[in-house]
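Visitor: Quick paste from Swiss-Prot:
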- Y19, Y42, R111, T112, D113, W114, D115, R122, Q123, Y124, G125, R126, Q132, V133: mRNA binding site (BINDING)
- 39-117: domain 'RRM' (DOMAIN)
- 122-155: region 'Disordered' (REGION)
- 133-143: compositional bias 'Basic and acidic residues' (COMPBIAS)
Amino acid sequence: MPIKLNASFSDSYVDVSQYRDQHFKGNRYEQEKLLKQSNTLYVGNLSFYTTEEQVYELFSKSGDVKRIIIGLDKVKKTACGFCFVEYYTRADAENAMRFVNGTRLDDRIIRTDWDAGFKEGRQYGRGKSGGQVRDEYRQDYDPARGGYGKVVARP
(Lines of atoms letter the chains of each structure in order from A and count residues from 1; the text may use other names and numbers.)
(Lines give C-alpha, C1' and ligand atoms only; values in the text may rest on other atoms or scores of the structure.)
Protein backbone atom coordinates (compact mmCIF):
# COMPACT_ATOMS: atom_id res chain seq x y z
CA MET A 1 0.00 0.00 0.00
CA PRO A 2 1.56 3.36 -1.01
CA ILE A 3 2.39 5.89 1.67
CA LYS A 4 0.59 9.23 1.35
CA LEU A 5 2.01 12.35 2.97
CA ASN A 6 -0.60 14.69 4.44
CA ALA A 7 -0.12 18.21 5.68
CA SER A 8 -1.97 18.99 8.89
CA PHE A 9 -3.15 22.31 7.42
CA SER A 10 -3.94 21.37 3.82
CA ASP A 11 -6.94 23.72 3.63
CA SER A 12 -4.66 26.78 3.39
CA TYR A 13 -2.66 27.35 0.22
CA VAL A 14 1.11 27.46 0.02
CA ASP A 15 2.42 30.92 -0.85
CA VAL A 16 2.78 31.80 -4.51
CA SER A 17 6.32 32.81 -5.52
CA GLN A 18 7.25 36.05 -7.27
CA TYR A 19 7.95 34.26 -10.58
CA ARG A 20 5.45 34.94 -13.37
CA ASP A 21 5.24 33.29 -16.77
CA GLN A 22 6.11 36.00 -19.30
CA HIS A 23 4.14 34.17 -21.99
CA PHE A 24 0.90 34.11 -19.94
CA LYS A 25 -2.05 35.43 -21.94
CA GLY A 26 -3.71 37.79 -19.49
CA ASN A 27 -2.82 40.32 -16.83
CA ARG A 28 -0.87 39.82 -13.60
CA TYR A 29 -4.06 39.74 -11.48
CA GLU A 30 -5.57 36.95 -13.61
CA GLN A 31 -2.36 34.95 -13.43
CA GLU A 32 -2.14 35.39 -9.64
CA LYS A 33 -5.75 34.21 -9.25
CA LEU A 34 -5.11 31.09 -11.35
CA LEU A 35 -1.93 30.31 -9.40
CA LYS A 36 -3.81 30.46 -6.09
CA GLN A 37 -6.42 27.98 -7.39
CA SER A 38 -4.13 25.73 -9.41
CA ASN A 39 -3.61 21.98 -9.03
CA THR A 40 -0.55 22.09 -11.30
CA LEU A 41 3.10 22.36 -10.29
CA TYR A 42 6.14 23.27 -12.34
CA VAL A 43 9.10 21.07 -11.38
CA GLY A 44 12.58 22.29 -12.28
CA ASN A 45 16.22 21.21 -12.06
CA LEU A 46 15.46 17.65 -13.17
CA SER A 47 18.17 15.55 -14.73
CA PHE A 48 17.74 15.11 -18.48
CA TYR A 49 17.64 11.38 -17.68
CA THR A 50 14.85 11.47 -15.06
CA THR A 51 11.88 9.41 -16.24
CA GLU A 52 8.17 10.04 -15.92
CA GLU A 53 7.98 6.95 -13.70
CA GLN A 54 10.53 8.43 -11.25
CA VAL A 55 8.58 11.70 -11.10
CA TYR A 56 5.33 9.80 -10.53
CA GLU A 57 6.85 7.65 -7.77
CA LEU A 58 7.97 10.72 -5.82
CA PHE A 59 5.00 13.04 -6.40
CA SER A 60 2.31 10.38 -5.86
CA LYS A 61 3.40 10.20 -2.21
CA SER A 62 1.71 13.59 -1.76
CA GLY A 63 -1.57 12.67 -3.43
CA ASP A 64 -3.30 11.38 -6.54
CA VAL A 65 -1.44 12.54 -9.65
CA LYS A 66 -3.68 13.27 -12.65
CA ARG A 67 -0.88 13.57 -15.21
CA ILE A 68 2.78 14.38 -15.72
CA ILE A 69 4.08 16.32 -18.71
CA ILE A 70 7.84 16.00 -19.23
CA GLY A 71 9.49 19.11 -20.68
CA LEU A 72 11.06 18.53 -24.09
CA ASP A 73 13.75 20.18 -26.16
CA LYS A 74 11.67 21.65 -28.99
CA VAL A 75 14.26 20.64 -31.61
CA LYS A 76 15.45 17.21 -30.45
CA LYS A 77 12.22 16.19 -28.63
CA THR A 78 14.30 14.85 -25.71
CA ALA A 79 13.83 15.65 -22.01
CA CYS A 80 15.31 19.02 -21.03
CA GLY A 81 15.11 19.15 -17.24
CA PHE A 82 11.61 20.20 -16.20
CA CYS A 83 8.07 18.88 -16.03
CA PHE A 84 4.54 19.74 -14.96
CA VAL A 85 2.74 17.63 -12.36
CA GLU A 86 -1.03 17.98 -12.25
CA TYR A 87 -3.02 16.73 -9.25
CA TYR A 88 -6.74 16.10 -8.94
CA THR A 89 -7.02 18.42 -5.92
CA ARG A 90 -5.40 21.60 -4.67
CA ALA A 91 -4.78 19.97 -1.27
CA ASP A 92 -2.65 17.22 -2.84
CA ALA A 93 -0.68 19.81 -4.83
CA GLU A 94 -0.12 21.79 -1.61
CA ASN A 95 1.22 18.65 0.05
CA ALA A 96 3.73 18.28 -2.76
CA MET A 97 4.78 21.92 -2.41
CA ARG A 98 5.38 21.38 1.31
CA PHE A 99 7.04 17.97 1.22
CA VAL A 100 8.67 17.51 -2.20
CA ASN A 101 10.10 20.96 -3.00
CA GLY A 102 13.84 20.93 -2.28
CA THR A 103 14.13 17.14 -2.10
CA ARG A 104 16.49 14.99 -4.13
CA LEU A 105 15.37 13.12 -7.24
CA ASP A 106 17.83 11.27 -9.46
CA ASP A 107 20.75 12.86 -7.53
CA ARG A 108 19.48 16.42 -8.07
CA ILE A 109 17.80 18.90 -5.73
CA ILE A 110 14.50 19.70 -7.44
CA ARG A 111 12.38 22.79 -7.04
CA THR A 112 8.64 23.14 -7.38
CA ASP A 113 6.47 26.17 -8.03
CA TRP A 114 2.82 26.79 -8.78
CA ASP A 115 1.81 26.82 -12.42
CA ALA A 116 -1.34 28.48 -13.77
CA GLY A 117 -2.20 25.29 -15.66
CA PHE A 118 -0.61 23.37 -18.49
CA LYS A 119 -1.46 24.35 -22.06
CA GLU A 120 -0.27 22.54 -25.17
CA GLY A 121 3.08 23.87 -26.38
CA ARG A 122 4.38 24.69 -22.89
CA GLN A 123 6.14 21.34 -22.72
CA TYR A 124 8.87 22.69 -24.99
CA GLY A 125 11.96 24.50 -23.74
CA ARG A 126 12.07 28.23 -24.53
CA GLY A 127 15.80 28.54 -25.13
CA LYS A 128 17.17 29.56 -28.52
CA SER A 129 18.61 26.09 -29.05
CA GLY A 130 15.38 24.31 -28.06
CA GLY A 131 16.14 23.50 -24.41
CA GLN A 132 15.85 25.64 -21.31
CA VAL A 133 17.29 29.15 -21.29
CA ARG A 134 19.26 28.54 -18.08
CA ASP A 135 21.10 25.60 -19.67
CA GLU A 136 22.29 27.73 -22.56
CA TYR A 137 24.26 30.05 -20.29
CA ARG A 138 25.55 27.56 -17.70
CA GLN A 139 29.31 27.90 -17.28
CA ASP A 140 29.92 24.73 -15.29
CA TYR A 141 29.94 21.21 -16.69
CA ASP A 142 26.77 19.35 -15.70
CA PRO A 143 26.50 15.93 -17.37
CA ALA A 144 22.93 15.41 -16.08
CA ARG A 145 21.84 18.58 -17.92
CA GLY A 146 23.66 18.18 -21.22
CA GLY A 147 27.25 19.20 -20.37
CA TYR A 148 28.32 22.82 -20.81
CA GLY A 149 26.02 25.69 -21.71
CA LYS A 150 25.43 26.03 -25.45
CA VAL A 151 25.92 29.80 -25.73
CA VAL A 152 28.86 30.27 -23.34
CA ALA A 153 32.28 29.91 -24.94
CA ARG A 154 34.36 27.15 -23.33
CA PRO A 155 37.92 27.90 -22.11
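Don't overthink the numbers, they just go from 1 along the chain as shown.
Every residue, even glycine, has its Cβ placed from backbone N, Cα and C.
Thinking about packing and proximity, how do these listed features fit into the structure?
Guide: In the three-state DSSP classification, R111 (mRNA binding site) falls within a strand.
The average pLDDT computed over the domain 'RRM' (39-117) stands at 93.
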Visitor: Kindly report the helix/strand/coil residue split of the domain 'RRM' (39-117) according to DSSP, in that order.
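Guide: In the domain 'RRM' (39-117), the DSSP-based counts are 18 helix, 31 strand, 30 coil.
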Visitor: Between the binding-site residues D113, D115, whose Cβ has more other Cβ atoms within 10 Å than any of the rest?
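Guide: Ranked by Cβ atoms within 10 Å, first place goes to D115.
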